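Here you go, one structure.
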Amino acid sequence: MDGLFLSANGNDSKKFKGDIRSPGIPSRVIHVRKLPNDINEAEVISLGLPFGKVTNLLMLKGKNQAFLEMNTEESAQTMVSYYSSVTPVIRNHPIYMQYSNHKELKTDNSPNQVRAQAALQAVNAVQTGSMSLSTVDGAGMGSQSPVLRVIVENLFYPVTLDVLHQIFSKFGTVLKIITFTKNNQFQALVQYSDGMTAQHAKLSLDGQNIYNACCTLRISFSKLTSLNVKYNNDKSRDYTRPDLPTGDSQPSLNAQTMAAAALTAPGIISASPYAGAHGFPPTFAIQQAAGLSLQGMPAGAFASLGVPGAAAAAAAAAAAGRLSLSGYTAGGNSVMLVSNLNPELSYLLVGVYGDVMRVKILFNKKENALVQMSDGTQAQLAMSHLNGQKLYGKALRVTLSKHTTVQLPREGHEDQGLTKDYSNSPLHRFKKPGSKNYSNIFPPSSTLHLSNIPPSVTEDHLRGLFLSSGAVVKAFKFFQKDRKMALIQLGSVEEAIESLIKFHNHDLGENHHLRVSFSKSTI
């Protein structure tokens, strides 16, 4: 039988085994494997949207698999061909797909299928600009608050109000946004003109990553039906009232630099037509992709989105997590020029924001050094967080260098020890994929996070250690559940920076070396 019938329980156990057909025999039905446990229908649908219309869906959540039906065999061929060279990644899971033995999916009225059809209608409505979703109220698409509550988890890269506006604007006109931090989480309230538009946005964006494998959106409906915005600044904005004052919270130079760093991060969700359940075209990050050629992406694959082909394809590849862009390095230049910092110390301080590969002290300016990170994104993070910070009475200067690499001296040529190679250093914080350190990157603050503390080391011991360097210790607290970690609050941010440099990797005995990083918490 050519058709795969969707049974009442949403499964097809009899025909399921051995379903995958030879990659050389195309079919409109695509078998998708290795899906995350908590994946939703919209995320699976979105895998096919850049290549054509998705006409049907069967979810096999218990098997972490799904069947996706495209409107034409040509669309399916384009999709399978593209994803064979650029593996899509959803929530840090690589997704795999091949043609199915079945020519089409036949639907029934099971709850699973009703939900899949509702998701298809919602996403198609977003694409066409239609608002006719009243027919799927039974699937939870009824009237809701026009205000969404957004929590950004695993905040590795900075997320600004403007980034949120670009993401949510695809689904309709965003009227107001308020951002804030609560329970140590970056959150936002986003108001649309009506509840249906908010429902579209929630369906397509909930659970998606703004950047690859981080900055995850958790979206729910707010109890509020309208937001009261008093100021237009970097924390809040009323797009219907451009006349509002800015208040006290002016966007700082550092905030602007952080936003620039965010634009160069790999996999930015708003740079992609569909990045997971991606429902928005490239807007502010399109310049990043413009003019770049994408190897293996057929022309016109994104024509239905009204997006320039090369730019959209580049953005989609970035979102997929496997960039195959000729002449493009994720994040840009990885070499920085660091001034007003003893070059011997730059490795320890800059290493908070990425893995330092090499440092070259400038021959004629010994307080200046070229510092090469493992990638451009880490260089941007270090620059945005450290430029302008005070250290030993001087303001640090951290800028991107015109050099693209720090060359080691050729064999037999000495450079008086000016070039240091740290590529195999045991102090690298980010060499392990998925390391917790990725989610604990914060700007310099007066509070330090201490870890790897042996049981025998007391509060008095640690207070004395930091006092010995001349710092003022304002407060100290061990973590209740894990006394291997503690917070220590010093007299100033400058003291904290100096103490981090001095005591990171300090030997506490019992084969324990102290780990020191900046904390977003206070005591």
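Each Cβ is built from the backbone N, Cα and C atoms, and glycine gets one as well.
No curator has checked TrEMBL annotations; they are predicted automatically.
Computed from a predicted structure; not experimentally measured.
Okay, these came from TrEMBL:
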DOMAIN    28-112  domain 'RRM'
DOMAIN    148-224  domain 'RRM'
DOMAIN    334-403  domain 'RRM'
DOMAIN    446-521  domain 'RRM'
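Give me the lay of the land around each of these features.
Per-residue pLDDT, averaged along the domain 'RRM' (28-112), amounts to 83 for this model.
When DSSP labels each residue, the domain 'RRM' (446-521) comes out as 20 helix, 25 strand, 31 coil, counted as helix, strand and coil in that order.
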What stretch of 148-224, 334-403, 446-521 shows the most Cβ pairs under 8 Å to the domain 'RRM' (28-112)?
148-224
Under the DSSP assignment, what numbers of helix, strand and coil residues are found in the domain 'RRM' (148-224)?
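Computed counts for the domain 'RRM' (148-224) are 22 helix, 34 strand, 21 coil.
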